[in-house]
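In TrEMBL this protein carries:
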- Lys22, Ser182, Asp183: ATP binding site (BINDING)
- Ser63, Asp150, Asn162: substrate binding site (BINDING)
- 288-370: domain 'PUA' (DOMAIN)
Amino acid sequence: MATLTRPDTAVGLTGARRVVIKIGSALLVDRTTGLLRADWLQSLADDVAWLRGRGQDVVLVSSGSIALGRGVLGLGLDALTLEQSQAAAATGQIGLAAAYAQALGGHAIKVGQVLVTLEDSADRRRYLNSRATLEMLLSLGVVPIVNENDTIATDEIRYGDNDRLAAQVAVTVGADRLVLLSDVDGLYTANPMTDATAVRLDRVVQITPKIEAMAGDAGSGLSKGGMKTKVMAAKTATAAGCAMAITHGFRPNPVRALEEGANATWFLAKGDPQAARKGWIASMKPKGRLLLDAGAVKAMQQGKSLLPAGVTRVEGRFGRGDPVELIGPENEILGQGLTRYTAEEARRIAGHRSDEIEALLGYPGRAALVHRDDLAS
């Protein structure tokens, strides 16, 4: 069901540990000139600094490379071929990254560029790689600037899935809030451009077929995504415990404006991100088993990662990122987790200290065999 009441503070930004913000092309690039809207970007940087000043992690998922690149290449506003889009993305991405670095650098905030596709979340090994990279950047105080890798994408580049990509990023980093800054201020009961009776929904408790039917295909000339992709993003985010907002981003300081009550549609989360992730891991069919000693069991019970030293035996055939059962000394099932090593690698390092991994494998590895964030018991 959907309600038309103003959302309560439970779906605001206050109290969120980690916030993902998606920026649409139309916000970053002037449609007429093809130039970057530098003043607006600086106001967004001010918002990011404000969030970080409150102790909140921030990840930006940014469209705009194609829109900026087409201006640089003089491609005009006509529809682009796939090859032209990829060329524009390759050109525009350089300027886009530099613009973010300059805007956030004014607040002494470092940025890191991460190029991904939706396929990265479908493959567990690639998912773990991207997750580890994003977590490391955040732990170092860096704001990741994530964009779809439009220079190599095919179907994604045609459909413009940065909305859903933003939702996948939110799931990957365990975000509490996802904010889609767009050229619309929320989800309406009908297309407000053609139907004068259309009403904006302030809050969506559950995404029903009726809610999905309200999402049309209309989008702006520069933005590839429409309302359908935004509602699909909301389904992904909320199922993972992340509340999501769609709000108008053209105003200065749009994130702070959202927190202060600007028009938006909030999609309420189901549970919390960590619990949702644990449930997802627990639901997988295990591909192997790790037998643990008493010390490893105690460490797990204290919320620590599983190190190779605590593994007494490795069973089954599995790849990196696959789910494995965790078995205690009395053959009791303790839970399961996503392994950071293949079965062959795990057998070679089992029972050894983490500082011995490089000598055993011939290359550096991760200290944990199963990280605590990838454990479900």
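The backbone N, Cα and C atoms fix where each Cβ goes, and this holds for glycine too.
Ranking the binding-site residues Asn162, Ser182 by other CB atoms within 10 A of the CB puts Ser182 at the bottom.
In this structure the alpha carbons, written CA, of Ser63 (substrate binding site) and Ser182 (ATP binding site) are 11 Å apart. In this structure the residues listed as binding substrate are Ser63, Asp150, Asn162; their two most distant Cα atoms lie 10 Å apart.
The binding-site residues recorded for this entry are Lys22, Ser182, Asp183, and the Cα of Lys22 lies nearest to that of Asp150 (substrate binding site).
Checked against Asn162 (substrate binding site), the binding-site residues Lys22, Ser182, Asp183 differ in C-alpha distance, with Lys22 being the nearest. Taken through DSSP, the domain 'PUA' (288-370) splits into 26 helix, 24 strand, 33 coil. Burial estimate for the binding-site residues (Asp150, Asp183): highest at Asp150, by number of other CB atoms within 10 Å.
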